[in-house]
Structure formats: C-alpha cells, structure tokens
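Novice: Let me give you the structure first, and then I'll get to my questions.
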Amino acid sequence: MFYYPNVLQRHTGCFATIWLAATRGSRLVKREYLKVNVVKTCEEILNYVLVRVQPPMPGLPRPRFSLYLSAQLQIGVIRVYFQQCQYLVEDIQHILEHLHRAQLRIRIDMEEADLPSLLLPNCLAMMETLEDAPEPFFGTMSVDPTLPSPFDIPQIRHLLEAATPEKIREETLPEATPEPRKPDRTLAMVQSPEVITLQEAEPIRMLRIEGEQDLPEISRGDLDLLIAEEDDAILLEERQRGRLLRQRRASPPLDESKEEPRALEGDGLVSSLSPPAPAQVEGIREPLPDQAFPPEVQKMPGWEPGVLLTEVTPPQELRLPAPPSIEKRPPSPQRPPRRRRRGRQLLFWDKETQISREKFEEQLQTGAHCCEYPVVQPPKRKLMSPAELFRTPTLSGWLSPELLALWTHCAQVPPRMLRQRPQLETEETVEEERVADKEERRKTEALSEIEVLREAQEPSGPLMLSSELSLEVAEEEKSRTSFIPPEERWAWIEERQPEPPALPMLPELPEVPMEMPPGPELLSSEAVLRAVALELQANREPDFSSLVPPLSSRKLASRVFYLLLVLSAQKILLVDQQKPYGRLLIRLGPKFP
C-alpha cells in the first residue's frame, strides 16, 4: 500500500476521517463527520489516483495510492456522506416536530387585526380624528351595527376634480360596515409556467446494496395450492374418522361405555385445535334422512375466489358418498334417537395414560408410598435444683471469668452439718444477741444525754460533724453485703467466738462520744428544727443537703425526710422543690415557734 504518513494521520491528514470511517478504527463524533467536505475530498482522491499530485519535495516521485487504499477511501467517503445526510434528516425532523408542537399550542391572544371588530369603537378618538364633529350616539352603550360610520363616508373630491369622461358609469357605493375599510390591493402578476425556472431539489437516493433482495410476495396461485393441500389433509382425516366410527358401531356396547370418557376428552381438544372446515364437511357428509340435496349443492362452503387463475392447478374435487335413498330404508314406527357424533380421538403412545382405580387404592392401602405424620411430643419440663441454678447464673460465655469465679466461690453449698445447728446453740446465740442489744441501747441513751449537754454548751456547732461522717462510713462498711454465704459465716463465728471489746470508762465530758452520732431511730423533729434554726442563724438558706450530707446512709436520709414531711404537715416548716431532682428548699411555716 503506497501512501505518505501525513495523509492518513489523524487531525492533520486530509484523509484521516475518511480512513477511520472506512476501517472503523475508532469512534467518530458528529463534529468530525460534519468537518469533511465531500466534494473537495472526492477531487483530492481522484488526483491521487490519477497521479496528479505534486511530490512533497523536488526530485521525489509523485505520491500514488494502491488499489486497496483507493477502495477504502471511496468507501469512507460514502459512509461519511451517508452520515451527514442522516444528521441532516434528523435535524429537519427535529425542526418539524418543534413547529408541529408550536402549532398545537392554544392561542390565547387575539391578533391586532381582529381586535377592532370585537371591541366597541372608541367614540372619543373618532371625535378627535374628525375635528370634534358632533356624534349623535355619543355615550350610548349599544349601537346598531347597521348605522354608517363617519370613516366610511365616500370621498368624491378626486372624482369632481378629474376630467369628465365621455360616458359616466354608474358606480354602486359599498355597504357601510362598522369595520374600517381596508385599502385596495393590487393583484399580483401571475407569470407563465415557461418563465418559472425554479426546480425541486432531487431527493436523496440510497445506494442499492448488491445481493440484497426482498422476499417475493405470495401470489393467488400459491394461496390456492396451500388451501388445496389443507383440504386433502382434512379429507384424509375424515376418512380415518369414518373407519373408526364403523369399527365402534360393530363392537359391543360395553366397549362404547369404556371409551366414552376418552371420546369426550377428544371432543374438547379437537374443538380448540381443528379448523372450522371439518365440522361443515361432516354436516354435508351425513345429512338427515328427511333431507335430500342435489349433488351440485353439496359443496364445501368456504372462501371462494372470484376469478380462478389459469396457471394454478385446481384442487381435487370432494367426492362424498351419496346419501342413502329413502326407498331402501325399512319403515320404522319410531325413529331412534340420534347418536352424538364422536369427535376425533387422540392417539397416545402409551396404552394406559393413567393408573386405574384399583391399583391406586391398592397402593394407598399398602402404605409404601405414604408415611404417617410423626406425633410431636412436647418436651419434658426439666426442673433444675437450686444448686444447679447457683452454679450457672447465666448462659455460658455471657459472664466474664472474674465474675464467674466469684459467683462459683460464693455459690458453694455448705455441708449439712453446718446448715443444721443444734437447738441449744441457737438458744444460746439468741440470748447473747439480746444481751448485746440491751448494751447497745444503754450506750446510745448515755450518748444522747451527753450530746444534749454538749449542744447546750456549744449551740453554734453544726448538726452533723466530720466524726459523724466517719462513723457513717464505718456503718456503711458494716452494712455492705458480703459474698460469703450465711452458713459459712455461722461456721466462722462459732470457730472464732471473739470476745466483745471492753468499754472504756467515760469521764464527765468525753471526746469519744462525738465520733458516734445517734442512730436514725433516735432522731426527732426537735433535732431537725434545731438544725434549721442553726442554718438560719448562720445566714444560710437551709435545704435537705445541709441537713443530710451526701455520704450519709440511706436510713438516716429517709428518717430526716420523714421528719420534714411531718413538720410540713403540721405547717411548722415548708418544703419546696422547683424542678424534679433539684434542691429541696426548707422555709419557715406559719406555726414555726
């Protein structure tokens, strides 16, 4: 292939777009197709083929193209031109669609030429135009349209000033109309057809591709041949059906009762699959005994062409057996009921298409092909012992190893001997507990007396001191729940049996009782009133947190809150809380002493 690289180089070569369109090397866009000048490109290809192009440099041979390259460029020009034509057709179609849509829009604005005919005339403007001429109907809303308009007065000055002709023709004045008179238009001069040289543009013709031919249209003769073949098939089918009918009539009636369901099934299938022509042929083939048709009437009613073609072979003539004559039939006193004609029977490959009733019941009785439903038994309710529940607090894997080890250590069941203590030991322990309770009560009474004396000496001191906080913390530590089960604690108490600590001798004003506050059950409303009075003397707003520190026990807080409710019910104090979980303010009531 002889060519120079600069000829087929993309974006620079003169044949680059045509070469790509011919070889389909890459996809071209619409802009590249429209940039090609088809006429100029064809001339350049012709110059290259005829070796008319000058060499790029003097002394070199003239550029030439091979036959293959020339053919490819010609194909590329055709494809580019075809694509340009297709773009043009699409643009025209797009423009026509826009014009059609614009015409379909409803015009809601009236044209200016139609406005004067639909609106009432402006009488004021007419008077100004006519130099304030009096208008008799000025101010009237409805005017008879047949009245003349001042603008329609004929102007005859130019007729009077013109030369008098020999014979004056009578001119009829035009009828007066409310619309302004339009000026006369000069008729356009119509030219002869010979002078007109404008010709219609030739339509774009598509190139005919060789080897592409349409299928020939079916002729009338081919249709007649197809109809004749179908008629032959129908006749053959009818003959087979007649043979089957004769065989069934010859067979005993028991066989008919067995084959009756099969025939009914065949009738339903034939009615949906077979064409309507066989039913008509059957009606002609088996006429009633009291009807007699001439032989020329016994034709197959159907589509009959108006004019038969000579070159078409006519179909075979239907030869049906002649109906039996009435004279040969023996007279019968009563005509038997007419049997229903059997439809076409379907032929199956298997002799037995379905299982018989006996075999079906036999298979059901054996139970080989069916099984009973298994009876679902409810799961037995498993009762777990307390020991198992203690050993497994949750499902496996849900509890961390540290908590599980702690649970298993504390969930050990003590031995039976430790759980069943003798009755004597229980009585002794009960007596010891009573004695310890009495001693504790005596201590608290002594402490309360000492506290009253100290309050009398130091009235400005707060209700709760740091020693009380430390003792409360000690009480909380004592009241913490132990992870050791009670059975083991009982065993350890019996083994150790610690001696109760000896109480020291208290002087008149000991310092130790200040570290042991009175119990919650010994608090009274008078103590709460004294604490509120102390807060007021210190110019502080009393609230619940000033009476009960945050580290106090729950029992003490509940006791103080109960006493506040009692005092507020007696209208000695007023308790106020502005928002939930907010400060509980304490104010003096009307009955405060």
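Note that Cβ sites are derived from N, Cα and C of the backbone, with glycine treated the same way.
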Novice: Which of the listed residues, Ser192, Ser385, has Swiss-Prot annotated as phosphoserine?
Specialist: Ser192
Novice: Which residue counts does DSSP yield for the compositional bias 'Basic and acidic residues' (432-444) in the helix, strand and coil classes, in that order?
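Specialist: Summed over the compositional bias 'Basic and acidic residues' (432-444), the classes give 13 helix, 0 strand, 0 coil.
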Novice: Does DSSP put Ser192 (phosphoserine) in a helix, in a strand, or in coil?
Specialist: coil
